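See below for the structure under consideration.
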Amino acid sequence: MTRPGRPRCGPLRAALALSLEADRRATLITFVSFGLRPTVPVVILYLVRVVVDAIVSHDQTALWTAVGAATLATGLSMGSITYAIELNVRMIEATAAVVDRRLMRTIGGLPGVAHLDNPEVLDRVEMLRQERVHLSEGGDVFALVVGAVVRALVTGLVLAMVQPLLLFLPLLALPSLLASRRGQRKRSDAVARSATTSRLAGHLYTTGTSLPAGKEIRLFGLGPALRERYRTAAADADATVTRAVWGGLALNCAGGALFAVGYCGALFFVLHDFARGTTSLGDVVLVLGLVTSISTQLGQAVVFAGFLHQVLSASRRLLWLERYAADVARPAPTAPAPGPRLSTGIRFEGVHFQYPDTGTSVLRDIDLELPAGTVVAVVGANGAGKSTLIKLLTGLYEPTRGRITVDGVDLREAPLEAWYARTSGCFQDFSRLEFTVQHSVGAGSVPHADEAARVWEAVKRAAAADLVERLPNGLATELGASFDAGTELSGGQWQRIALARACMRRAPCLLVLDEPTAAIDPLAEDALLSAYVDAARQSAAAAGGITLFASHRLSTARGADLIVVVDSGRIVQLGRHGDLMAQRDSIYRDLYERQARAYA
Ligand SMILES: Nc1ncnc2c1ncn2[C@@H]1O[C@H](COP(=O)(O)OP(=O)(O)OP(=O)(O)O)[C@@H](O)[C@H]1O
């Protein structure tokens, strides 16, 4: 597993940069406002001291000047708060959107999909999903911390003016703050330790509340078992974190007790000075007010320090993920981008493949030549390795050993994005993109997604015109439950939309169709497959394109130029239908005849 190197900037800077990127003006105003506002109560207490001393000494000018200044400070503070809070909320919302975009970009930018199989990456992504909110509050929390620090400094300064020894009082708050920091560390370590269990609990929750799983949950009476498994997983994750929180609380209490002793000492000290006549009544009022407010400030500082810790640990995770993405990025390509036309074809040379963090190879000793312009069928039993072969061909995974070449160029050396752009496909676990039909299909070629004529052409090539014509608003029909009045489609209808999406690129060098008709009725299946063979021939003529489909139904493979029979991760037979049927001890013929009898 790749270990990311050191990030280029610290977590605090990274968190602040997010707020500034989201809304610079709101962030700066929040800093100024939240940074200065906490000093207002200290200033007012100081003015109260002036008022008290002015009353004692009958100094009318000082009295009314101080009352006026206190009124002005309170008014300004009250007047500005609504505006500042409004901007603060705006800053948090805008930052949340920036964080989401960053996460989508980072995760979407990981080369291929192998990293999304990595449990450590999945755990970090899951934690980041949970902690996104802390990242969006980074600017806000930093402003609160700055405010607390400024207030502590001003309080210390004012106390020192009365009696320099009182300056030590705020210092007694330090152990409490350090204890809180340690407690927060324990908590976030516990969150990291329980990430896998939390991920499992999250999966169980999503399964228990999602529409697709709802049918089986009811039919099989899975609800109670699912809830019980969720309860156990959530309780496990929670117990780990709760233990850490209790440990942190004990430390906090010890720190708080130390401060309480100092607080009592300070009160005793000032009252003693007043009794001796070395401080004024105003000083006593001032010190009593400030010392009392220090305990509130301390409580706030502990909370803010906790918030800051959450922001920093979320920011560290984001930096880790970004660094990881940068470290696993493919080296600059040394081969040119594949051209628009395939001349010789694609070759597998001694390819082995093993999924990340698994001990077994699912593809072994694959040597295979797919000539340009051919229609290839990959057949085999469940788990034989058909989909994996397709994922390697499209560059979504890299071989663990051996190489795949396109017109003689090793795919690892070619620019991956350029190869993606020359391919198209419909995967077994195709996406149900809940957009309008136009955009759900058009997503197959983003530059042409808004061109209705181009989208219709793809819909027709996927033999899905009858489906789209029957929808209430044709191409403008909104699909899925994400829309208020979205049209829900059947499984087969969604697959036709996914197939139409695969047809948006007119002449790809490689078109892969993994079980393209699995959810489609047998009558439509025939029409669809002939449409594909026609399209494949056109693509072959235009771009030397290879059309490769994986299927369990061997009858669909009959017309292919090449049939690849895969069994337990190895190619066991290769050839045209007639040749394979004619071979002695042919696994293909055996399977074909058994299927023919079963479907007869
Ligand atoms: N993401 C993954 N991580 C680990 N193992 C995987 C993953 N995907 C597939 N496998 C394993 O790889 C093997 C081949 O799977 P693959 O999906 O390629 O088979 P298939 O021939 O397409 O099967 P089916 O006909 O059922 O779709 C299986 O044993 C499967 O358990």
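Cβ coordinates come from backbone N, Cα and C, glycine included.
Straight from TrEMBL, the features:
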TRANSMEM  28-49  transmembrane segment
TRANSMEM  61-85  transmembrane segment
TRANSMEM  133-154  transmembrane segment
DOMAIN    139-310  domain 'ABC transmembrane type-1'
TRANSMEM  160-179  transmembrane segment
TRANSMEM  249-272  transmembrane segment
TRANSMEM  284-308  transmembrane segment
DOMAIN    346-593  domain 'ABC transporter'
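Highlighted: of the candidate stretches 61-85, 133-154, 284-308, 133-154 has the greatest count of Cβ pairs under 8 Å to the transmembrane segment (28-49). Same-chain residues lying 6+ beyond the ends of the transmembrane segment (133-154) with a Cβ under 8 Å from its Cβ atoms: 12, 15-16, 18-20, 27, 30-31, 33-39, 41-43, 88, 91-93, 95-96, 98-99, 170, 173, 297, 300-301, 304-305, 307-308, 310-311, 313-315, 318. Averaged across the domain 'ABC transporter' (346-593), pLDDT for the predicted model comes to 89.
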